Amino acid sequence: MASVKRKWQVFPGRNKFYCDGRIMMAQQTGIFYFTVAIPAVGALLFIFVMSSLFHTSFSDPGIIPRATAEEAIYTEKQIEVPNSGNVPSYRPPPRTKEITVRGVTVKLKYCFTCKIFRPPRASHCSICDNCVERFDHHCPWVGNCVGKRNYRYFYLFIISLAFLCVFIFSCVIAHLVIYMNKEGKTFMVAIQKNPASVIEGVICFFSVWSQGWLAGFHTYLTTSNQTTNEDIKGSFTARRGQANFNPYGYGNFCLNCLAVLCGPVQPSLIGKEKQLLYFIIK
């Protein structure tokens with residue numbers, strides 16, 4: 001018995017058939033995959049940007065719990081000064097203490113709000129009214145502090161947002177160029193006929209510059225293992241002929257990136273069912 005063939009199996013054209021003839025495509029399909037990739041890449045970038053934003057906004061940046069009343073009293077009683085009545089009197093603790101980090105003397109400041117000596121690189125956020133470990137800055141755009149526990153998400157957010165802005169701006173330019181070639185119009189006419197693309201392009205143009213600068217700045221901070229707070233204060237800037245040495249850096253930009261972006265995320269100190277830890281220097 002002769003086998004029965006369908007018409008698409010003996011079709012003389014150069015088309016390609018898939019799924020038992022249910023899908024038909026031309027022989028040259030390279031541009032098709034590029035067409036599919038454009039919205040797919042845009043969607044993936046958008047999802048990644050929003051995911052990084054939510055991680056940054058909704059994560060504990062590294063808040064240090066405040067000292068209890070008993071711990072605050074203990075800290076403030078560290079220095080006893082006997083008076084004439086042989087009754088010990090107390091004075092407030094010093095504003096700073098000194099420790100050594102890799103041979104460099106680092107000052108620990110006392111926080112009169114949280115009643116603790118802040119760990120190295122920590123700072124008190126005046127907006128959130130909390131001490132934050134490895135405090136970078138308070139970012140109103142994400143609605144949260146950026147610190148030890150969420151800096152990696154913030155960095156991924158600004159990097160991916162910069163790429164998304166470049167991607168959208170490139171698509172806008174490509175759209176205007178295609179319109180000019182297809183309609184045979186000048187660039188000014190293309191702008192007048194596509195006002196939405198022009199508005200989007202202007203927004204993306206300025207966003208590319210601002211986000212590009214921000215991404216570059218934080219890339220510099222990451223590769224040198226610094227924070228925005230330390231860079232603004234010039235904590236590791238050479239002064240009076242002294243060498244510029246960062247005790248927290250590893251001397252290699254790759255190791256610094258791994259330490260900042262790929263290290264383990266420490267458990268939150270303010271999470272439920274977790275023992276509160278306080279950094280108190282005796």
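Note that Cβ sites are derived from N, Cα and C of the backbone, with glycine treated the same way.
Under the heading transmembrane segment, TrEMBL lists 31-54, 153-178. Residues or ranges marked as domain 'Palmitoyltransferase DHHC' by TrEMBL: 107-233.
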Over the domain 'Palmitoyltransferase DHHC' (107-233), what is the model's mean pLDDT? 92
The domain 'Palmitoyltransferase DHHC' (107-233), counted residue by residue under DSSP: helix, strand, coil: 76 helix, 19 strand, 32 coil
